[in-house]
Amino acid sequence: MQFKLTLRPASAKTLVPFNYAYRLSGFIYSVLTEADARYARFLHEEGYPLTSTRRFKLFTFSDLIMPRIVVDVKAGGMWVNSPYIEWVVSFYMDTAAQHFLMGLFQDQRCVIVSTPRGANPRQATPCQAEFIIDRIEAVPVRIVSQRVQLRTLSPVVIALKDERGMDQYLHPAHEQFGPLLVANLWAKYGSTQVNKPVTVLPGHNPPDGVLSYRLLPNPDGKAVSKDRTTQPKSRLLTIKEGSRAQTQLRGYYDFMFELEGPPELLELAVLAGVGRYNAEGCGCVSVIET
């Protein structure tokens, strides 16, 4: 189930830091913790285990949809210049949890805490952007066909290890982008089938062509090339900022693509996200209505 949240700035002057996604992930976990500690622990610590070292937290969320902003590089963020902004949060779970989740988020205050740009995190007074969740709307996702066209709502992270074992983040037009996205989606699906009879998943090595990816042309009708700089766009992201586990990665956004395969896997792509770092706000997509 996807939810569209309408957020109202609590202050007339609200500065959202550039690197806000990790804070939003923490907000989601905090909301779940307040309502049901066991459920939050399941998502945060257990997720859907595929192996003992690889776990999936099957939710994701979009970038904040802010219609009018003023970018302030010196302050390290974006000034909100509209009475409301929107945010899409997506969970892969039974529809019976819909009303439970809507109740959790309604009337909550979402606070994004950050350190002023250039300041020492240990000494500086934190800045905070506070929003009140005014409205939450359920957006049902029901896919019955074997083909769906999707639009990115947040950066998609797909990486390939180089000879040094370092991640090389791939452009959506790269020849390995599609196969790696598909393999990641199969792995997510397999993690949900641990205690269930497997019907669609043909083992850990599915045959080629069962699930496929195709990058769609730009709205101007021109094919997307990895050499083009206009679309898709890329963004450098920092997760777990300020901690010893701080990691920088690169994701691509503002593009459209098509997936073809079993409907339940296509739904999984929409509800859990595509690529890596979904629980940190990467890989959120929406269905393009045709």
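Indices start at 1 and increase along the chain as displayed.
Note: Cβ is positioned from N, Cα and C throughout, glycine not excepted.
Those TrEMBL annotations? Automatic predictions, nothing curated.
Annotation comment: TrEMBL describes Tyr29 as active site, proton acceptor. Tyr29 (active site, proton acceptor) is surrounded by 16 other CB atoms, counting those within 10 A of its CB over all protein chains shown. In the three-state DSSP scheme, Tyr29 (active site, proton acceptor) is classed as helix.
The active site, proton donor annotation in TrEMBL covers His44.
Per TrEMBL, site 'Transition state stabilizer' is recorded for Lys57. Around Lys57 (site 'Transition state stabilizer'), a 10 Å sphere centred on its CB holds 22 further CB atoms from the protein chains shown.
Taken from TrEMBL, the feature domain 'CRISPR associated protein Cas6 C-terminal' applies to 144-287.
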Report summary line: DSSP, reduced to three states, assigns Lys57 (site 'Transition state stabilizer') to coil
**Report entry** Integer Å distance between the CA atoms belonging to Tyr29 (active site, proton acceptor) and Lys57 (site 'Transition state stabilizer')
**Finding:** 11
